[in-house]
Amino acid sequence: MASSSSCRAWHCLLALFLLTSAAYGQLSPSFYAKSCPTLPLIVRATMIKALLAERRMGASLLRLHFHDCFVQGCDGSILLDDVGSFVGEKTAFPNVDSVRGYEVIDEIKKNVELLCPGIVSCADIAALAARDGTFLLGGPSWSVPLGRRDSTTASLNEANTDLPPPSLDLNGLIAAFDKKQLNPRDLTALSGAHTIGFSQCLNFRDHIYNGTNIDPAFATLRKRNCPAQAPNGDKNLAPFDVQTQLLFDNAYYRNLVAKRGLLNSDQVLFNGGSQDALVRQYVANPALFASDFVTAMIKMGNIKPLTGTAGQIRRNCRVVNS
């Protein structure tokens with residue numbers, strides 16, 4: 001009898017191990033526990049400093065991680081500069097004059113290298129910065145699976161094709177996320193990152209002037225600093241969430257129900273389609289949104305990571321090791 005119960009316990013442990021490995025792939029939250037135990041503290045301290053200088057940076061670094069993961073997987077490829085004949089992803093249309101926070105990643109890397117030289121990847125630093133940016137702006141926290149390595153390549157082409165543009169309809173968004181093994185629920189939860197941060201007029205101009213699913217008063221408000229005629233005011237910023245633009249909450253979904261989504265790709269999540277019911281659930285239940293957001297962030301962070309001996313640990317996040 002004793003042997004069968006211990007056998008069952010062993011089965012339970014094995015099942016649990018297989019489940020956690022499936023969730024994390026080859027990544028693990030304790031990857032640097034022995035090699036760089038102070039890593040979480042260094043990242044958190046540097047992020048606090050960055051957000052004290054500019055709160056918006058929390059949103060910017062969350063977006064940087066997303067733009068990294070959707071191109072070649074979460075491999076730090078977005079951080080690589082154009083150097084000599086090497087072409088990075090920073091000049092891709094979705095990234096140029098838009099993705100920001102590279103200097104904060106540099107600062108974290110510099111601080112990490114002082115204590116743990118040659119150990120921690122830039123890809124992992126980007127993932128941790130995204131988590132801390134979310135948490136420091138009032139959002140959930142989570143254990144970030146770690147162990148990614150840095151790419152030696154980048155893809156300008158994939159950045160231009162795979163990062164979903166704000167003009168996409170719901171089917172287009174679902175397809176873009178499905179390509180990265182993220183389901184429609186992940187799409188709707190991850191879009192909630194737009195509860196913080198800002199977007200440029202060139203991204204929402206078409207929606208506020210030509211959109212049919214938009215509150216007229218909201219459109220009028222946004223037109224004030226986004227002229228109809230491009231390129232006038234292209235770079236002018238507006239907050240995704242008018243009420244709490246730098247607080248990570250569920251107001252994004254309340255805005256969608258009120259037809260106050262800033263981008264077309266925001267509002268299509270609540271426009272008589274398949275995600276309407278989930279949007280209403282997130283409005284009613286902030287804890288459900290927070291939980292689904294964490295699940296989706298962990299899944300997104302697990303897109304095609306380089307592990308083991310693949311890739312490298314860059315000394316400088318902006319260039320491949322020579």
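Note: Cβ is positioned from N, Cα and C throughout, glycine not excepted.
Since the structure is predicted, the reported quantities are computational estimates derived from the model, not experimental observations.
Features of the protein shown, as given by TrEMBL:
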type     : residues                                 : note
SIGNAL   : 1-25                                     : signal peptide
DOMAIN   : 26-321                                   : domain 'Plant heme peroxidase family profile'
ACT_SITE : His67                                    : active site, proton acceptor
BINDING  : Asp68, Val71, Gly73, Asp75, Ser77, Glu89 : Ca(2+) 1 binding site
BINDING  : Pro164                                   : substrate binding site
BINDING  : His194                                   : heme b binding site
BINDING  : Thr195, Asp241, Thr244, Asp249           : Ca(2+) 2 binding site
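Each of His67, Cys69, Phe70, Gln72, Cys74, Gly76, Ile78, Ser151, Ala154, Ser155, Glu158, Ala159 belongs to the same chain as Asp68, Val71, Gly73, Asp75, Ser77, Glu89, is absent from that list, and has a C-beta within 8 angstroms of the C-beta centroid marking the Ca(2+) 1 site. Most other Cβ atoms within 10 A: among the recorded positions His67, His194, that distinction falls to His194. Take the CB of Pro164 (substrate binding site) and look out to 10 A: across all protein chains shown you find 20 other CB atoms. For the domain 'Plant heme peroxidase family profile' (26-321), the predicted model reports an average pLDDT of 98. In terms of Cα spacing, the recorded positions His67, Asp68, Val71, Glu89, Pro164, Asp241 that come within 10 Å of the residue listed as 'heme b binding site' are Asp241.
Other residues of the chain with a Cβ within 8 Å of the Cβ centroid of Thr195, Asp241, Thr244, Asp249, the Ca(2+) 2 site, are Ile196, Gln243, Gln245, Leu247, Phe248, Asn250, Ala251, Tyr252. Packing around Asp68 (Ca(2+) 1 binding site) is summarised by its Cβ count: 30 other Cβ atoms lie within 10 angstroms of its Cβ, all protein chains included. Cβ packing within 10 Å was compared across the binding-site residues Asp75, Asp241, Asp249, and the lowest neighbour count falls to Asp249. Across the fold, the C-alpha of His67 (active site, proton acceptor) and the C-alpha of Gly73 (Ca(2+) 1 binding site) stand 9 Å from each other. Put simply, the residue listed as 'substrate binding site' is 18 Å from Thr195 (Ca(2+) 2 binding site) when counted between their Cα atoms. Neighbour density for Gly73 (Ca(2+) 1 binding site): within 10 A of its CB lie 19 other CB atoms from the protein chains shown. Taking the Cα of Asp249 (Ca(2+) 2 binding site) as the reference point, the closest of the binding-site residues Asp68, Val71, Gly73, Ser77 is Asp68.
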